[in-house]
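Participant: Sharing a structure with you now.
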Amino acid sequence: MALRNHSTSTEFILLGLSADPKVQALLFVLFLGIYLLTVMGNLAMLLVISADFHLHTPMYFFLSNLSFLDLCFSSVTVPKMLENLLSKRKTISIEGCLTQAFFVFDVGGTEIFLLSAMAYDRYAAICHPLLYSRIMSNQLCVRLVWASWSLGFLDAVINIPLAMNLNFCEAHTIPHYSCELPSLFPLSCSDVSTNLTILLCSTLLHGFGTFFLIFFSYARIVSTILSISSSLGRSKAFSTCSSHLTAVSFFYGSAFLRHLMPTSGSPLELIFSIQYGVITPLVNPLIYSLKNKEVKAALRRTLGKCLQWHR
């Protein structure tokens, strides 16, 4: 049955972050600035990695995919939020809302799998340095990226089509700035127990599966680092992981908690969503550029080439 035929409501209202017009104007300026910086930062990372042959390694192949995902993730939710901050009528169609929820699941799920693949890459580099190039072959890297996209897509396909069969009643106000699946269930007058069970199971499998991969990788990494006798060697080995650990902490914790906590419209839900959906795509390029000598050197080389070409 078509969605429009069995829904008494054809659109939702996104309440956003504030109802005060003055605050909304300030938030618009703030998030517009964040979005523009996010786009520029991630495009710069993609450009530098593709242009500099020194960065054509597995680590930076994964990083370029992470930048692309962050660019996509931010673009899924922030433009609509900016539109609603300027609009008096903050509506989104049910189809548009479910489409947005689908891409939040798809891109967010892909990013979590990619972060676990990046953890495995760091494990191979530190624990098996002599075999690193053989372990992290080009074929394996491409397969890991395709697997990340496929599993993220599968997670979305499992959850979102079920939500299309729900009947949404007159209570159609979402206390959020975007459409996330947990926020839609309280608006339905259908039985959502199956949806909740599948969401919980897929989140636990998705979250804990990738968590154990990351945990196992870093348990071996820490064990290897502690066995290094030189303090300089330990420091150098740990520095190669610090950027990835920071990125995992920013994205993984907030996304996992957001999809496990009961939906109540609390400010904490908004904070978690903003952290993994808006702030993380902004800070990831900064984390990997400011804490990475190779990226900083590549940036200088790329800027130098651009200045020479301009002259």
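One is the number of the first residue shown, and numbering goes on along the chain from there.
Note: Cβ is positioned from N, Cα and C throughout, glycine not excepted.
What TrEMBL says about a protein is an automatic prediction, not a curated fact.
Straight from TrEMBL, here's the annotation block:
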DOMAIN    41-288  domain 'G-protein coupled receptors family 1 profile'
TRANSMEM  25-48  transmembrane segment
TRANSMEM  60-78  transmembrane segment
TRANSMEM  140-158  transmembrane segment
TRANSMEM  196-216  transmembrane segment
TRANSMEM  237-258  transmembrane segment
TRANSMEM  270-290  transmembrane segment
Participant: Taking the transmembrane segment (25-48) as the first stretch and the transmembrane segment (270-290) as the second, find out whether 3 or more Cβ pairs fall under 8 Å, excluding pairs closer than 6 in sequence.
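Facilitator: Contact confirmed: at least 3 Cβ pairs fall under 8 Å.
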Participant: With Cβ-Cβ distances below 8 Å as the criterion, list the same-chain residues six or more beyond the ends of the transmembrane segment (196-216) that contact it, or say none.
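Facilitator: Distal contacts: 109, 112-113, 115-116, 119-120, 151, 155, 158-159, 162, 181-182, 185, 248, 252, 256, 259-260.
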Participant: Looking at the domain 'G-protein coupled receptors family 1 profile' (41-288) alone, can you tell me the average pLDDT?
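Facilitator: That stretch averages a pLDDT of 85.
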